[in-house]
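Participant: Take a look at what TrEMBL says about it:
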- A:100-271: domain 'Yip1' (DOMAIN)
- A:30-55: region 'Disordered' (REGION)
- A:119-140: transmembrane segment (TRANSMEM)
- A:160-184: transmembrane segment (TRANSMEM)
- A:196-218: transmembrane segment (TRANSMEM)
- A:224-246: transmembrane segment (TRANSMEM)
- A:258-279: transmembrane segment (TRANSMEM)
């Protein structure tokens, strides 16, 4: 215990148990470290990672422990944002491919992000998509109206702003809503898998990557091709999103699961179809236009014929 | 503690300097700093000299963009006059198209300005966030100067459009714009990519590619008023 002769000597306070030996009635407080508390919680809840993910998660935990804590600078400094750009070229490539190819047991966040969400991918994919939509829409309008004599080509730059607003709000507001929703459900039902806000943004950003080639395909003025490519892109990106968020909601009420999943898919669909309808005009065929004067002529001659008889 | 310790300089108390030993020496103050100031003091030179010096610096950088080899002139002595000049020229050249002014015609002057400067700032931020060693204004300087091939292409396009706007003219314009877009990207990459570690070069080059692609698109789709 405390040494009486030197008041400045460092004192070690022993564990609560040994202190209690001296005085049974005293109250003691043990303050656990943050990590040990989380560890105890996990063991108590019986968290068992399933199937394929097990070895990946184990190595994931190990690398995290080995690499130490991520230093967190305050959010108004430059260094805070630099931690979200801590990726290399091949990481970005793998993540883009992973967002297009849904693998049954691979969860995008666990396999590709590995606790290193980045902002580079979502931001530049959204920007590329905005310009791809604007340029492709412009080209398709031009091609669609090529034959008409009274068509004057205008590069529609106002549409860039609209496209940017739509896509960036989808990429930032929907993850925000989803994150808030998952947080709220987490309080109700003890979900063991939680995703951070940055990870959700990352998933949504990369899931838009499949739409870039789809949008370029929409330049060709064939309706069936456009709808086919929408279906394919929707299936791929939708399934990646569904599989990513499945572990986060599977312990919840079945109605909540259905509601969440369908909301994710429906919003994705709305974005795709909305972009197609707004930016890409239906390819009008020239035949009705040519028939119209002919139809007029037929009608007037018919009217004249019936009138005369 | 002994007496010696409490009086460390006790042995020197009886040292004295006799007054008949002269103390002399030389004190020299280095005059170099004031001479350097005189060299760089440009307050007294004629205005023509000042303007010509800046113009010569800008012109020098234009030549460096024309022949993009790894030189530090653009990086070391950055200035933003050249980018401003090019941006204003390009925005002015993009005016006067598509007489339906209320319709979505060509880009407005402010739109071109915003795209060029905002785009440059975002690319610079991206490069710095990825751990680049280039400074903020150096990067703005490089990106701005490398718009020069596209400005030249815009001038060429306007001349070609005077002749007519049929498919032939479109083909010529397409070739010119593609060549200058490639030139711009190559020139700016030569300066910017060196400041990044090898495993992130593509991550820095892609936004530059997108930036010049959008500007090239604006140049190519310029349609004159009829």
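Every residue, even glycine, has its Cβ placed from backbone N, Cα and C.
Are these features on the surface or tucked inside, and what touches them?
Facilitator: If one looks beyond the transmembrane segment (A:119-140) by at least 6 residues along the same chain, the residues whose Cβ comes under 8 Å of a Cβ in the stretch are 81, 84-85, 87, 92, 95-96, 155-157, 159-160, 163-164, 167-168, 171, 198, 201-202, 204-206, 208-209, 211-212, 215-216, 218-221, 275, 279-281, 283.
Same-chain neighbours of the transmembrane segment (A:224-246): 98-102, 104, 106-109, 178, 182, 195, 203-204, 207-208, 210-211, 214, 217-218, 260-261, 264-265, 268-269, 272-273, 276, 280, counting only residues six or more beyond its ends whose CB sits under 8 Å from a CB of the stretch.
Residues 133-134, 136-137, 159, 162-163, 166-167, 170, 174, 178, 181, 207, 211, 214-215, 218, 226, 230, 233-234, 237-238, 241-242, 245-246, 249, 252 of the same chain lie 6+ residues outside the transmembrane segment (A:258-279) yet bring a C-beta within less than 8 angstroms of a C-beta in it.
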